[in-house]
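Novice: Encoded as structure tokens, here's the structure I'll be asking about.
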Amino acid sequence: MNTADYAARFREIRDKVESQERLTLDDGIFLYDPKVPLQEVGELANLVRERMNGNVGYFNINTHLNPTNVCVYRCRFCAFRSDLRDPKGYAMNDEQILARGQEATENGCTEMHIVGGLHHQKPYEWYRHIIELLTEHYPKIHLKGWTAVEINWFEFQTKKTIEWVLKDLQAAGLGSMPGGGAEIFHPEVRDQLCEHKANTHAWLEIHRTAHEIGLRTNCTMLYGHVENAFHRIDHLLRLRELQDRTGGFQVFIPLAFHPENTKLSHIKKPSALMDLRTMAVSRLMLDNVQHIKAYWIMLGIETAQTALAYGADDIDGTVRHELIYHDAGATTPQFLTVDKIKDLISEAGREPIERDTVYRRIERDENDFTNWRSGESVDALAVS
Ligand code: SF4
């Protein structure tokens, strides 16, 4: 293709986006071509971002809980896991888990994000008990817990159906599910990264079932390792297809690969330009997912802030106790204060709005920051 051909092809895609026509696999792959100026892809994504979410930048006040890092699997990209007898391995007790709930409450957190390893010796009941324990003592905190990989493990442990497991966890207090474990769906890549854990069919089936029983979930894609543009777009299209059927994904989070301390440490971490292009292409391809998140822990603060002009409308939360990406070499701080996160969003020219996990606006008592309530859905604020 010569320069004029590139310009014509891009115009074709721009026309489609402007008339709200759906982009195809080939369109997506073209947008990943380095010869297509990033600035133009970003501008197009920003058009969709503002059409869907106005000028708002969402954030939440949250904490993480990784109850164990001991894991039966050995995903090649994972720096967090530990063998059962490795001194690095841990499993939290009730007292430590409750201390995390107490700290979250004292800091005004509305959400606890709970994921971890698949411990060789912990039965399903231990994982369920964590949800029940936190619900009993801290009923106000939304528990977003267990990825599809964990749910798939619970199915194996209990010999029950996905629906049974999800309903049982819901009864214990589970509020929604995170989007982890999706990695890259295409088998050419997935088999190289994590051939033993939940496969693509299982991941999608678990999310489909969750949506069916009324659990909202998030979705992700881990990029910047052994995959190429085709694999990324294929991944986005599989998510888009499921979303057409269920409408249950509330946010998509592109996750930049961090190679340090992993079996893929020879690979270079994706550049900021790749991060921004992936953010923009994701916004353009996933026309049916309301929110796109720039997860600052993985992207770094500056790139996450810039991403608010490249399709993202959410920057994640204040985050406390993040271990998974810090173990893989993330140099971002352990948490951000509320003022800092609001400043980052305002500096990017967006209006900061605090949301809860299921995207309702949070209202806080002016005199007591820890006293809060969830208001109306923020999507009512969105520009259509
Ligand atoms: S990514 Fe998850 S399933 Fe894979 S090794 Fe790490 S903790 Fe285990």
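Each residue, glycine too, has its Cβ placed from N, Cα and C.
OK, TrEMBL features for this one:
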{"type": "BINDING", "residues": "CYS71, CYS75, CYS78", "note": "[4Fe-4S] cluster binding site"}
{"type": "BINDING", "residues": "PHE77, GLU183", "note": "S-adenosyl-L-methionine binding site"}
{"type": "DOMAIN", "residues": "57-288", "note": "domain 'Radical SAM core'"}
Novice: I need the most crowded of these binding-site residues: CYS71, GLU183. Count other C-beta atoms within 10 angstroms of each C-beta and give me the top one.
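Specialist: Selected residue: GLU183.
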Novice: Tell me which residues of the chain lie with their Cβ under 8 angstroms from that of PHE77 (S-adenosyl-L-methionine binding site), as long as they are six or more apart in sequence?
Specialist: GLU183, LEU193, CYS194, LEU222, HIS225, PHE257, PRO259, THR262, LYS263, LEU264, ALA328
Novice: Non-local Cβ contacts of CYS75 ([4Fe-4S] cluster binding site) (under 8 Å, 6 or more apart, same chain)?
Specialist: ARG81, GLU183, LEU193, CYS194, LYS197
